[in-house]
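Notes follow once the structure below has been shown.
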Amino acid sequence: MMKIALIGCGAIGASVLELLEPHTNLSVDWVLVPDVPPVVTQTVSRFAPQAQLATQLPPGARPDLIVECAGHAAIEQHVLPALARGIPAIVASVGAMSAPGMMEKLEAAAAKGNTQVQLVSGAIGGIDALSAAGMGELDAVIYTGRKPPLAWMGTPAEQRCNLASLQEAFCIFEGSAREAAQLYPKNANVAATLSLAGLGLDRTQVRLFADPAVTENVHHFSAKGAFGEMELTMRGKPLAANPKTSALTVYSVVRAVLNRADRVSI
Ligand SMILES: NC(=O)C1=CN([C@@H]2O[C@H](COP(=O)(O)OP(=O)(O)OC[C@H]3O[C@@H](n4cnc5c(N)ncnc54)[C@H](OP(=O)(O)O)[C@@H]3O)[C@@H](O)[C@H]2O)C=CC1
Ligand SMILES: O=C([O-])CC(=O)C(=O)O
């Protein structure tokens with residue numbers, strides 16, 4: 001039986017709990033959140049009644065895996081200490097690697113605990129091909145993210161345009177994946193993931209659009225290099241509980257967990 005600590009119980013975390021519930025070879029035994037609103041208590045008692053709710057992993061707890069779907073701050077707060085204790089981790093907030101020295105801290109913590117951390121592909125596909133292509137020379141990786149104006153509420157995009165009255169697509173950001181992930185921590189994890197798989201945070205070109213013509217979260221990237229060329233468009237359905245987040249992110253986290261719990265992984 002694989003014992004799991006889930007970090008975060010918002011749009012992704014709640015759906016992950018629901019999808020993991022039927023799998024009898026694993027058990028979510030801890031759910032870590034900053035505080036415990038009634039909706040979290042209800043979700044946990046419905047899908048993981050065995051789980052203990054806490055703000056921090058209790059010192060004596062020894063999960064087989066921690067699964068982060070909380071936000072950038074959770075890497076420093078939960079993931080690094082768990083790795084250093086030898087607990088492997090799955091991370092959704094890949095954009096956190098844009099902070100100076102964070103990748104090195106993650107590697108050092110995993111080395112200290114003699115364990116590993118997996119950065120999931122989340123809302124984007126093609127990461128397997130891009131990271132394989134990165135074993136040869138890559139010339140360019142260009143990413144464009146496009147979401148409905150509502151998905152950019154509460155971000156610096158609000159200072160760039162009037163999101164509520166946009167009539168056509170507006171470019172709210174153009175720059176490197178590192179800047180994108182730092183400015184838009186809840187909307188540009190995909191940019192960070194593509195860059196870490198490919199050309200790195202500083203050489204991956206990113207454009208982000210608020211676009212009233214789309215109802216999905218549209219991710220497009222192209223890559224060129226010694227392997228040839230690739231191009232991919234994803235039209236991800238947003239989660240009802242959080243329009244910033246695509247449903248595929250949930251499935252990606254669940255697949256990553258099952259790949260560790262099941263005998264055959266894909
Ligand atoms: N890789 C990818 O493709 C994607 C990655 N993401 C990442 O996943 C994160 C979560 O997304 P989503 O579920 O939609 O967001 P939500 O805001 O719906 O949920 C976040 C949850 O995490 C909790 N939380 C926040 N900070 C911490 C912390 N330091 N420790 C523990 N729990 C914490 C929140 O609690 P409270 O409500 O009390 O603050 C809430 O329960 C995003 O912030 C983003 O970083 C998202 C989309 C795609
Ligand atoms: O869920 C998505 O569509 C992508 C997203 O928010 C991110 O990259 O952070």
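All residue numbers here begin at 1 and follow the chain in the order shown.
Backbone N, Cα and C atoms are what each Cβ position is placed from, and that goes for glycine too.
What TrEMBL lists as active site is His219. As annotated by TrEMBL, NAD(+) binding site applies to Ala123, Asn189. According to TrEMBL, the domain 'Aspartate/homoserine dehydrogenase NAD-binding' annotation covers 8-117. Look at TrEMBL and you will find 167-254 tagged as domain 'Aspartate dehydrogenase'.
Confidence for the domain 'Aspartate/homoserine dehydrogenase NAD-binding' (8-117), expressed as mean pLDDT, is 97. When DSSP labels each residue, the domain 'Aspartate dehydrogenase' (167-254) comes out as 24 helix, 38 strand, 26 coil, counted as helix, strand and coil in that order. With DSSP states grouped into helix (H, G, I), strand (E, B) and coil, the domain 'Aspartate/homoserine dehydrogenase NAD-binding' (8-117) comes out at 48 helix, 18 strand, 44 coil.
In three-state terms derived from DSSP, Ala123 (NAD(+) binding site) belongs to neither a helical nor a strand segment and is classed as coil.
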